[in-house]
């Protein structure tokens, strides 16, 4: 079975200028990603600062990306919230706008149990009838989708993948035992673990760093699929990832997207920009990475 995508899906940032969504910068960024081998684009997720976007802004961003991409790669809309009915309505609207799939985070704050998660995800999948990527990110939600729950959900015809941001390979192996990896894709949600994640059968990554190095990050996946040892190829990327870890995503990555010309270096509160010294160090790390490519 063909998966939704294989390789690098980009968790797209939202460019702002004077606190307004900058559509021209958004288009330029998406064109850059398409020209540099991104395999999917994920819109209105964590990296997009989605909690600070209005419903109208989310729909405008999604429509803009869908129209520009024009079916060249899948556009996946982040529509999950901790309110099932709101998630259903957002998912229905995403489908109406032309999204190829939706991504659903676990519930948060008003946390449920595993049975509640099953009901929540199945209700949305039943209502919208688009491919669904589950999103497990315990560090942000303080709950997980247990392997047994993934097994149940993987039986739903519309639930086709998991974005696994647990950074826990024991979890990955438990999930793998319980699913059909031919029909259900496992994507890493952690850029720094992709070498081992790919070795363990992951079909790709939903990536933050690919906002600025999509071609290089996709080349890593392609090399692994060709049977090459990618440890050395990953090392310079790993150094840049270490520089990106200076603060919470998406604060650092937007210091780089803005450096490439995709909007100002702006975030919406409660997120704030890096200190100037940290911004300078991060951008220099990016310059060193790019210079190393040309040696």
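The backbone N, Cα and C atoms fix where each Cβ goes, and this holds for glycine too.
Swiss-Prot annotations:
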ACT_SITE  135  active site, proton donor/acceptor
ACT_SITE  163  active site, schiff-base intermediate with substrate
BINDING   47, 206  pyruvate binding site
SITE      46  site 'Part of a proton relay during catalysis'
SITE      109  site 'Part of a proton relay during catalysis'
(request) Measure from the Cβ of residue 47 (pyruvate binding site) and count the other Cβ atoms within 10 Å, all protein chains considered. (result) 23
(request) In whole Å, note down how far the CA of the residue listed as 'active site, proton donor/acceptor' lies from the CA of residue 46 (site 'Part of a proton relay during catalysis'). (result) 11
(request) Using Cβ-Cβ distances, find the residues under 8 Å from residue 109 (site 'Part of a proton relay during catalysis') that belong to the same chain and are at least 6 apart in sequence, listing them in sequence order. (result) 82
(request) Filter the recorded positions 47, 135, 206 down to the ones within 10 angstroms of the residue listed as 'active site, schiff-base intermediate with substrate', Cα to Cα, kept in sequence order. (result) 135, 206
(message) For the C-alpha pair, I'd like the distance in angstrom between residue 206 (pyruvate binding site) and residue 135 (active site, proton donor/acceptor), rounded off.
(response) 10
(request) Might you list, by sequence position, any residue in that chain lying six or more from the residue listed as 'active site, proton donor/acceptor' with a Cβ less than 8 Å away from its Cβ? (result) 45, 78, 80, 103, 104, 105, 106, 162, 163, 165, 189
(message) Can you tell me whether DSSP puts residue 206 (pyruvate binding site) in helix, strand or coil?
(response) strand
(message) Quick check on the recorded positions: of 46, 163, 206, whose CB has the lowest count of neighbouring CB atoms inside 10 Å?
(response) 46
